[in-house]
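TrEMBL annotations:
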TRANSMEM  B:54-87  transmembrane segment
TRANSMEM  B:150-169  transmembrane segment
TRANSMEM  B:181-201  transmembrane segment
TRANSMEM  B:221-244  transmembrane segment
TRANSMEM  B:265-284  transmembrane segment
TRANSMEM  B:327-352  transmembrane segment
TRANSMEM  B:373-393  transmembrane segment
TRANSMEM  B:399-423  transmembrane segment
TRANSMEM  B:444-462  transmembrane segment
TRANSMEM  B:468-486  transmembrane segment
Number of protein chains: 2
Amino acid sequence: MSTVSKVSVATKRLLLGRPFRSDKLGHTLLPKRIALPVFASDAMSSVAYAPQEIFLVLSVAGITALAFTPWVAVAVAVVLAVVVASYRQNVHAYPSGGGDYEVATVNLGPNAGLTVGSALLVDYVLTVAVSVTSAAENIGSAVPFVSEHKVWFCVGAIVLIAAVNLRGIKESGALLAIPTYAFIVGVLGMLVWGFTEIFVLGEEIRSETADFGIAAEQDNLTGLALVFLVARSFSSGCAALTGVEAISNGVPAFRKPKSRNAATTLLMLGAFSITLLLGIVLLAQEIGAKYVMNPSTDLVGAPEGYQQKAMIAQLAHAVFDSFPAGFFFVALVTALILLLAANTAFNGFPVLGSVLAQDRYLPRQLHTRGDRLAFSNGILFLAAAAIIFVVAFDAQVTSLIQLYIVGVFVSFTLSQTGMVRHWTRLLRTESDPSARRRMMQSRVVNSVGLVMTATVLVVVLITKFTAGAWIAVLAMVALFVVMKLIHHHYASVQRELDEAEADDEGVLPSRTHSIVLVSSLHMASRRALRYARATRPDVLEAITVNVDDRDTRKLVSQWEASDITIPLKVIASPYREITRPVIDYVRRVRRESPRDVVTVFIPEYVVGHWWEQILHNQSALRLKGRLLFEPGVMVTSVPWQLTSSDRRKETKRYWAPGETRRALGESERTL
Amino acid sequence: MSTVSKVSVATKRLLLGRPFRSDKLGHTLLPKRIALPVFASDAMSSVAYAPQEIFLVLSVAGITALAFTPWVAVAVAVVLAVVVASYRQNVHAYPSGGGDYEVATVNLGPNAGLTVGSALLVDYVLTVAVSVTSAAENIGSAVPFVSEHKVWFCVGAIVLIAAVNLRGIKESGALLAIPTYAFIVGVLGMLVWGFTEIFVLGEEIRSETADFGIAAEQDNLTGLALVFLVARSFSSGCAALTGVEAISNGVPAFRKPKSRNAATTLLMLGAFSITLLLGIVLLAQEIGAKYVMNPSTDLVGAPEGYQQKAMIAQLAHAVFDSFPAGFFFVALVTALILLLAANTAFNGFPVLGSVLAQDRYLPRQLHTRGDRLAFSNGILFLAAAAIIFVVAFDAQVTSLIQLYIVGVFVSFTLSQTGMVRHWTRLLRTESDPSARRRMMQSRVVNSVGLVMTATVLVVVLITKFTAGAWIAVLAMVALFVVMKLIHHHYASVQRELDEAEADDEGVLPSRTHSIVLVSSLHMASRRALRYARATRPDVLEAITVNVDDRDTRKLVSQWEASDITIPLKVIASPYREITRPVIDYVRRVRRESPRDVVTVFIPEYVVGHWWEQILHNQSALRLKGRLLFEPGVMVTSVPWQLTSSDRRKETKRYWAPGETRRALGESERTL
């Protein structure tokens, strides 16, 4: 074995980087100004649909109920502020980027973690569906063609985003920043200009829906019914909170001091979101904008065939009445940030899958990030599920929103519960008074967050369960069960291996018996024979299955004429099969000398096109698959590369989606 | 190598049967009384639809044109007699069962053979479509429900027959005999009884359509148009000839003297077919039966919603007027023999595919008959194609017949041309006068056959090309081209191998460098390490890809604590990939010592369920697929059988369809 160790030292040089440190090359950590747009598109984009949902729900009770909108918006803003404050604690306590899944798993156990995992997976699907649908509505407000073919537009957009992610792109933080900042500038500009006109210049701005009445579905609501309606409106408005947790998954991607920068970015995100949300609601109320479920029946006085615009589009239309470019700009950037939010889900979904795979809740291969195929499956699954939702709900934002926020708030609530436990646990051992004080403070913040998010979760479940939330709950339960079963399977395989290890006596196989499968004496077979001989087995023989008398006779006479000294056995195959006679033969060899290892060498053509694959190797592949079921048998493929295989030889670096957000090479493990 | 030769002798006993003779166990050759029904169902069943097509075409010119029907039937009978006489020559000259494909290939070259092959493949598809459709019509004559859901019935029947064949059944000649003899008995009985009633008892039997008039589409046909119509009617009637060639494919399955028995059976088949054909047409004319394209418009005086019965059903209905069981019996056995004919195509299609694969016109794996998967693909393809035709032509026998007989007559004509050449060639060297005389006679028979079938082919092409025959021609051309391309591909691969052989210097690899891929130190890896060590390579090392720091650290510390002396290398994977770092590593090893063979050992789990496969081995499989593209690298799978794999361990004997007809173990090669 001395050669072995020598080569071992020699090849050490081959290794890239230090053995336990991943390579940091090619990756730059994000400054806050880039991190904000990279992580905020999801959360920010939700203010594009949250406000109008508040209006929509309340309009059920007629025009007078719209007086509640500012209060509902303020309530949502308060929840948002509390959640942001809570997550600032998370970011400090768990800087590894594990997010809610890690917090729940560590503090509440694997089932809580898995619940968060299921909730988030469902949520990613709905993020795609809601964002794309809302994007279609916003573009549709400016381009009627899109609103007339909304479902097709949404399906097309999802397919396009999926295709881009399947291809694998090297993301650029700066590029992602443009639409987000453009959105902030566009909407803030619209709000400032609108309020300036109204309160400074004293002009009267009226929304195009200002003069319509609302046909109330339920007039004269009693106290309790009204409370329920306001609560539902609040539930819908809470859609504005989706995406806030994203930063807590991305702490490793920040520049140092990571946690503090992430916390600051979270604060900026909160400030922008609250400003935009309140601004939109207040301006909308000021100019009399309305948003209803069925414009044709609910809007009194609307002209025949009136197409209702998205709320932001209504505001932009009214504010930029004499400046159409402004209107188009706002509609465009709103749609862009929404599509970006959908893209974010395509990044997050496989990353979450990777974490779940690491903990053996999903197939293991999803764990390797560079693996294009593993990521592809996740992307295809996400796209298909989102398309199903979009088509099933006819691309109606309002219907999809009913399903949406259950998952988010399940995740929020469990995460905050976990954080409260986290601080309680730390306090048990901490003695430094100032540290204890800080922890107590943090625990208070997270407790308030817990109470708040749990309350919202209950409100959401009560007000939306029958309206569609049950579908999301069902999907979450189904995912939970499937992942449990997968985990169970891996555990039982592990047990089987452990038992085998306990029974293991550590004996080396006594001899090696090599069998080369040949069908004719071409170069592929010759090479297999040579390679098999190079491994110097104790027994070496070639076998051929007599599927065709004429071919076999030809092979035998060529063999005898050749310089090959390896004996050739002809195996009879009365039914012209290949697999069974070979298996039978190998079994007999095994029976005669059970302590031998049998190695079957199979020459295989390597081809470049899928259709060539159909024309070659099929019997070999099937035989290989079956041979693996025989204990004590190894199967060796000896490839013969046809020239056509060259075209597939290059291995390209695959840029997995979401890399910018993941801070490659930093604390990969805990994510 | 002395051990090698000793074991070689020892294992000789393992071989089943003599090396160059296939095993004949479990197979009985067919006596004539069984061979007739086994091979005749296809040909015999075609008299179930051919007569009515003669009536249908002529009825276009009104009721007076029906006077031609006996003459057309006689013409068809003459052609049938000539073709039977011709094929008796084929059977004697080519007793190997190669059929038309062999005759054309040997005598006219590969392109003619391939044309026959394409024609027959298309024909099998149409046999299924026409037979099943006609069965539906015949059952529908007794059971209105079937005729109301004809397309569904046909699709269901095709799926059922395909399923039975996919499962693989051990056919019993006796079982196949029952429906065929029942059909002969039923229809002959009906004819005898009918003619007895009319001519002996002097009763008047009238078909239910006897009193209807026919709305002629074309009155007062001029001479040429009438000739064309009669020719078209004759073309349709020639559908009665389909299936006659089947016996020439099955000579090896006959008892000795094979050729004579086959020729006699062919004669019996011809006699039965002609009798039934003429009998049906004459009886139909006698009792005034009619069959038209569109009963609702073409039949004058028919009651509203009249459902036209199949011709045989009309006869049975009239003859067994006071004996309904007779009517139902005839309808049933007619449907049965038609379904049997469809089943025959399911047998013949993969067998022809196997012959074409042997000559490298189709993927090679189709050649091994015992191979379930190869046969399955053929069966699925046939079923899908037949369903497409049935659905596209709305299960109309008349429309499908337009496409049908082109293929048959292409095959007949080329086969007869080949036979004429065959005799001419033999005559060139034969000097024995009596042998010469016999050959001359045979040549005359085949020449008459050639002229006759070529004439019919021309008539069929002229009269039916625009009516649908072009589709069949197009399909044949497409198949021809695809098979040519496949052949070309195999030839170019062969050339590539030959060139490599010419350049080959016959050097053995200098050393072996074995690399074992490990991810953790469980039993599957341990076994791989042991097996790899058992092959005693010059260099042996284990590598692991550092996808996850924590896992890698654990593995390294376990490794160091264990008794394993093989060095473990950790390969960095900055992008958490597996495939690329391993490929890069292997390439470097190859570059450092290009004359080494590198063997990569991959531990693999063997599982019993498809879903387990998803949970395991995915990375390994992908790596394996990619490694094969590297020259000088072998890939060895070291299986670890999980207990769940036991359920898939058994290899069952698969009864490929069509075995009864194929006479296993006899001259398999030339088929």
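One is the number of the first residue shown, and numbering goes on along the chain from there.
Glycine is no exception: its Cβ is also placed from the backbone N, Cα and C atoms.
Where the annotation comes from TrEMBL, it is an automatic prediction and has not been curated.
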The transmembrane segment (B:373-393) and the transmembrane segment (B:150-169) contact flag, 3+ Cβ pairs under 8 angstroms: yes
Cβ pairs under 8 Å between the transmembrane segment (B:399-423) and the transmembrane segment (B:444-462), at least three: yes
Considering the transmembrane segment (B:54-87), which listed stretch of B:150-169, B:181-201, B:221-244, B:327-352, B:444-462 counts the most C-beta pairs under 8 Å: B:221-244
Contact between the transmembrane segment (B:221-244) and the transmembrane segment (B:181-201) (3 or more Cβ pairs under 8 Å, separation 6+): no
For the transmembrane segment (B:327-352), sequence-distant contacts whose Cβ falls under 8 Å of one of its Cβ atoms, 6 or more beyond its ends: 41-42, 44-46, 48, 101, 117, 120-121, 124-125, 127-128, 131-132, 134-136, 138-139, 141-142, 157-158, 161-162, 164-165, 176, 179-180, 182-183, 185-187, 190, 243, 246, 249, 310, 312-313, 315-317, 320, 366, 369, 374-375, 378-379, 382-383, 386, 656-658, 661-662, 671
Remote residues contacting the transmembrane segment (B:468-486) - C-beta distance under 8 A, at least 6 residues beyond either end: 114-115, 117-119, 121-122, 125-126, 356, 360-363, 399-400, 402-404, 406-407, 410, 460-461
